[in-house]
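Reading through the structure tokens given below for one structure.
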Amino acid sequence: MRILGIETSCDETGIAIYDDQLGLLSHQLYSQVELHADYGGVVPELASRDHVRKTIPLIKEALVAANCTKESLDGIAYTAGPGLVGALLVGSCIGRSLAYAWNIPAIAVHHMEGHLLAPMLEENRPEFPFLALLVSGGHTLMVEVENIGEYQVLGESIDDAAGEAFDKTAKLLGLDYPGGPRLAKLAEKGEPKRFIFPRPMTTKPGLDFSFSGLKTFAANTIAKEGKDPQTQADIALAFQDAVIDTVAIKCKRALKQTGLKRLVVAGGVSANLSLRSQLAVLMKSLGGEVFYPRNEFCTDNGAMIAYAGMQRLKAGHFEGLGIQAKPRWPLDQLLSVRSEL
């Protein structure tokens, strides 16, 4: 089985072709970072228009790179949500229309399910069940995963997602967009423990997250301490340490609560090396394993959508003729691949 995957949920156009026997055949990605840099963040209308320009050419490139034709495809998977509604509609319209024209099934994929399954693209892939930590610009979720489509959300952010907090704090520090990776780079120059930020919601029971207060704490610290380069680095490190410690504490709590020994970490923030290092130490201390996608599949990409779509199609899950985007779409509402439609 061979699937074309289309990802257009935010500011990256990702196209990929995945074969269940041969693996990933091609992977094309166009990032809109330069387009949005002058605005300090993603402008939804500009994002949608750029997806319109880039999606079809990237599909053509992916077919050529995979050395295959449209006749060799068994289905088209596209991100239907959650995300920016205009951006989602571009991918949904193109994916559903091409599937109709080529007489093959269309599969609507949940963006976060794509991230959750991204480590399955690697040789060292996790076995079910596992605990998943999904950390991105728009979401922070702790999920107990029994199988594909069998998700219990144990905790989530009640305000800013981890990646959003990184970006907002980076902006306070005067760093260019995208701020998260730049803040992590700046933190490498920081002096440990010069500033101590709170670890929000770690003294209370439960697995929910809250990161907006850290942004406020950072803003107050910047206003009080000034903006000389070393102080900026020290604040960046203190902020990053607070986020990572908070996430690690919640992961440890969730692993003990569920009894699971495998942890999957995915989403854009999962590329953070300090986060990876701390969670590796945690899992070693608990006698467990941690799994990540490769860096290029931490951020939005078509490969994860193609893979997730393939699993759905194998289970007989595909779309009718309607075209819809779901900017809000709870992960735990998805059907199990072991369920019949």
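Backbone N, Cα and C define each Cβ position, glycine as well.
Among the candidates Asp245, Asp300, the residue that Swiss-Prot names alongside His111, His115 for the Fe cation site is Asp300. With Leu134, Val135, Ser136, Gly137, Gly138, Asp167, Asn272 listed by Swiss-Prot as binding substrate, the candidate from Gly149, Gly155, Gly180, Gly259 annotated for that site turns out to be Gly180. The Cβ of Gly137 (substrate binding site) has Cys10, Ala161, Gly163, Glu164, Asp167, Gly180, Gly268, Val269 as same-chain neighbours under 8 Å, each 6 or more residues away in sequence. Here the binding-site residues are Gly138, Gly180, and the one whose Cβ sees the fewest other Cβ atoms within 10 Å is Gly138.
The maximum pairwise C-alpha distance among Leu134, Val135, Ser136, Gly137, Gly138, Asp167, Gly180, Asn272, the residues recorded as binding substrate, is 17 Å. Sequence-distant neighbours of His115 (Fe cation binding site) (same chain, 6+ residues apart, CB-CB distance under 8 A): Leu134, Ser136, Ala266, Gly267, Met304.
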